[in-house]
Amino acid sequence: MPFFATLLGSLILEFVSLGLGIAGVREGLTTSLLARWCGFGRIGSVLIGGLITISLLGWFGIQNSILAEGISYAFNSKMPFTLSAILSGLILTLLVAFGFRALEWTAKITVPIFFIIVVLILINVLQGNDFEQLILDLPKGNVITLGAGATVVAGGHILGALITPDMSRYCKNEKHVFWMITASIIVSEFVINGVAILVAHALNTSDVVTIMTQSAGWIGLLSVILSAIKINDLNLYSSSIGCANAIEGITNKKPSYIYLTMVLGVVGTVLSSMGILARFVDFLTFLGVLFPPIAGVMLVDYYVLRTSRTLLRETQREGGLPGKSSTPLIGWLAVISCFCGTLIGLIIEAGIPSLNSLIAASFIYFGLSLILKNKY
């Protein structure tokens, strides 16, 4: 059951990431800007930028909580969790705002260490436990349905799938986008998560700090800390992009990146100190039905309706963006479709909620666009 939940959730992520990633490399636009010419209009893209910002701040808070737990463990719990969360959040905020090169070195160090530790942990687990028994053991937590499991898997990375254009716009071609996305999903969802499930069963805990420290000691703890830092720099960077687009869409002025980063970092730090990690699964489930409708509408508009494809291509040759008159102030059909898709994902329990919301929003938007063409 966990394997099929992971497989279904991963297929949803692959579909969304690849579709939006290819659009990003073709147009060279971020998600929030791409949404402006994919049905949502100027204010609609502002709303998406705001949602991305809020959600990434939630992720920042969750990752900072993990980092704070690691720091607290390193000091034998002598440093309270709240103080650890505040210090780690503020230090990381300063690094992202003023020291992005230092974070590049963090990434170069973290990834090799993390993979080495994963291999060592897997070897230890296989030596000290019955592999077949670990595979057959039922999870110790509450049992959830296949659809709910797939939604949690999709929800865990759906925001990353939605903001794929933020990264894919720097790729050389569509082939690079495909391998970037596919390799990432295979490694993260099947290899890393597979090892994590086995280790969690063997140690009878879901706490990542406990798993890494009991399996790899101080090196494991260091890996947790460095990984949280690396993930959170992207969370803060992308939330700043989304927020900047929202502010620019309202005021027509570009805000200061450093100022935005500082403010958003403080907000994310406050969330982590308030214990957002305790609501992690609820957070993932909500994201799993909130963002697929947005992706569905954008994919239908870009690949099926193609409302602004020609315009974007022409202005791209000129080295600019289409003017304000080229898009409506707000794309009501897109907004209504997303709202309906989210409701369907939350209300209908049959099937996979994240897939239900994506398909529903896509068909509603396509149908409304055909019926009300040129009216909105």
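For all residues, glycine too, the Cβ spot is worked out from N, Cα and C.
Per TrEMBL, these features apply:
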- 6-25: transmembrane segment (TRANSMEM)
- 37-61: transmembrane segment (TRANSMEM)
- 81-100: transmembrane segment (TRANSMEM)
- 107-126: transmembrane segment (TRANSMEM)
- 146-165: transmembrane segment (TRANSMEM)
- 177-203: transmembrane segment (TRANSMEM)
- 209-229: transmembrane segment (TRANSMEM)
- 257-277: transmembrane segment (TRANSMEM)
- 283-305: transmembrane segment (TRANSMEM)
- 326-348: transmembrane segment (TRANSMEM)
- 354-372: transmembrane segment (TRANSMEM)
Ask   = So are the transmembrane segment (177-203) and the transmembrane segment (6-25) touching or not, going by 3+ C-beta pairs under 8 A with a sequence gap of 6 or more?
value = yes
Query = Quick one: do the transmembrane segment (354-372) and the transmembrane segment (146-165) have at least 3 Cβ pairs under 8 Å, skipping pairs fewer than 6 apart in sequence?
reply = yes
Recorded stretch that, among 6-25, 37-61, 146-165, has the most CB pairs under 8 Å to the transmembrane segment (283-305) = 146-165
Remark   = Comparing 6-25, 146-165, 326-348 for Cβ pairs under 8 Å with the transmembrane segment (37-61), the winner is 326-348
Ask   = Other than its close neighbours in sequence, what residues sit by the transmembrane segment (326-348), given a CB gap under 8 Å and a spacing of at least six beyond its ends?
value = 36-44, 47, 288-290, 292-294, 296-297, 301, 308, 311, 354, 356-358, 360-362, 364-365, 368-369, 372, 376
